[in-house]
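Working notes, structure below.
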Amino acid sequence: METVQLRNPPRRQLKKLDEDSLTKQPEEVFDVLEKLGEGSYGSVYKAIHKETGQIVAIKQVPVESDLQEIIKEISIMQQCDSPHVVKYYGSYFKNTDLWIVMEYCGAGSVSDIIRLRNKTLTEDEIATILQSTLKGLEYLHFMRKIHRDIKAGNILLNTEGHAKLADFGVAGQLTDTMAKRNTVIGTPFWMAPEVIQEIGYNCVADIWSLGITAIEMAEGKPPYADIHPMRAIFMIPTNPPPTFRKPELWSDNFMDFVRQCLVKSPDQRATATQLLQHPFVKSAKGVSILRDLINEAMDVKLKRQEAQQREVDQDDEENSEEDELDSGTMVRAVGDDMGTVRVASTMSDEANTMIEHDDTLPSQLGTMVINAEDEEEEGTMKRRDETMQPAKPSFLEYFEQKEKENQISSFGKSVPGPLKNSADWKVPQDGDYEFLKSWTVEDLQKRLLALDPMMEQEIEEIRQKYQSKRQPILDAIEAKKRRQQNF
């Protein structure tokens, strides 16, 4: 697939989309070549910029996604200008999707490469990748930005071997009035102790995640990956810092580098600038040492794509034979225009670009592990389900469940005194109202009186939540109509 890029080098370097390009339909400016997978909030495609011939990546985000988070991601990418951070070229509104045009990194993520080759990385390879990653983090931290989701899946390599930070879906901006953040954001196994404890954190939270990523590149998965993520969340702050499973396999310099990243006290943890001076990083070799593993991974990927294409072609032939025998294979697409017909097929629409397999970790965590030799494999990008909702980490679902329980407990506190103190009072579960049969008419009337103000409060909360999601979309559409590029 990459030979297209080599045979047709860009006529000139694309730096940013101009005003004229941004007012056109995206299909007039780009040719979409193939789907790469799923990123945070949307599908990612490989495309070619018609004017320059340059390959780009386009993230297509449905507007029902959290647009505020998407705008934040765009804003952070737009402010960055570093060879170690994925570049942002511009964005479009197309029907119900937001198209974000970004730099394309042909070798994929580090975790993709590990998985495709079914091999972990050597110390030399890790040192070279860490050096570029630290330069990217040094730049971000100088700009007062925290990435908050550093892991091998978010470190991309171009075909020359240069590493770049990507996926700013949860990145944050530090301001003078908010020196530390208190929100739990990130992927559980890579999260710093202070992030989990919600005691406030700053840029060095990324350094902890980098130390975990170093272990991930060396061993194929992060520490605690074999246990339930909720257990890991409680173990990370309480246990000593993790280390290698087999320390004897690694040099003293490498182990010391990881040790300096994984200091539990953020005040004593090394910064990106300091770690760039560490002997392990200073002795890193040039990016040329990564070319062999990149070529090997790309060869594996190409062979798999060819095998998938053969399967698709074979299925097409079978479907064609069936069409000759049975015209009933042509069906109308429900909800489409009356004149639209669609070929019924057993193949998924995305079968030629994605492979599904069972991971040893829950898929919603977005983590990546080395597959067993007999497993089929997939990229770090996850296939989105039919609801097109972004995957939610299980630890966030846990906290949301706790919040729901707190809301249920507060239900009883708002009930009038006589009923609240009644021994018969109980919190209702959805669909379970059998206990009401044993109540007196007086108790039922009191309960009815208590429900009305509670319902009004819930409706108001829902209305505010709806408005908070609706307004940014309206603002963005209005801004686009005025041809003001605010991204």
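Counting begins at 1 with the first residue displayed.
Cβ from N, Cα, C; glycine included.
The model shown is predicted, which means the values in this text are computed figures rather than measured ones.
For Asp149 (active site, proton acceptor), the number of other Cβ atoms no farther than 10 Å from its own Cβ, over all displayed protein chains, is 23. Per Swiss-Prot, active site, proton acceptor is recorded for Asp149.
What Swiss-Prot records for Leu36, Gly37, Glu38, Gly39, Ser40, Tyr41, Gly42, Ser43, Val44, Lys59 is ATP binding site.
Residues or ranges marked as coiled coil in Swiss-Prot (evidence: sequence analysis): 290-310.
Under the heading compositional bias 'Acidic residues', Swiss-Prot lists 313-326.
Residues or ranges marked as domain 'Protein kinase' in Swiss-Prot (evidence: sequence analysis): 30-281.
The domain 'SARAH' annotation in Swiss-Prot covers 433-480.
Look at Swiss-Prot and you will find Met1 tagged as N-acetylmethionine.
Feature annotation from Swiss-Prot assigns phosphothreonine to Thr3 (among others); the stated evidence is similarity to another entry.
As annotated by Swiss-Prot, phosphothreonine applies to Thr183 (among others), with the evidence given as similarity to another entry.
What Swiss-Prot records for Ser265 (among others) is phosphoserine, and it gives similarity to another entry as the kind of evidence. DSSP gives Ser265 (phosphoserine) a coil state; it is part of no helix or strand.
Taken from Swiss-Prot, the feature phosphoserine applies to Ser320 (among others).
As annotated by Swiss-Prot, phosphothreonine applies to Thr340 (among others).
The phosphothreonine annotation in Swiss-Prot covers Thr367 (among others).
Here Swiss-Prot flags Thr387 (among others) as phosphothreonine, drawing on similarity to another entry.
For Ser410 (among others), the entry in Swiss-Prot reads phosphoserine, with the evidence type similarity to another entry.
Taken from Swiss-Prot, the feature phosphoserine covers Ser414 (among others), and the record attributes it to similarity to another entry.
Listed recorded positions: Leu36, Glu38, Gly42, Val44, Ser265. The one with the lowest count of other Cβ atoms within 10 Å of its Cβ is Ser265. Taken through DSSP, the domain 'SARAH' (433-480) splits into 45 helix, 0 strand, 3 coil. Calculated from their C-alpha atoms, the gap between Leu36 (ATP binding site) and Asp149 (active site, proton acceptor) amounts to 20 Å.
Closest to Ser265 (phosphoserine) by Cα-Cα distance, out of the recorded positions Glu38, Gly42, Val44, Asp149, is Asp149. Taken together, the residues of the domain 'Protein kinase' (30-281) have an average pLDDT of 86.
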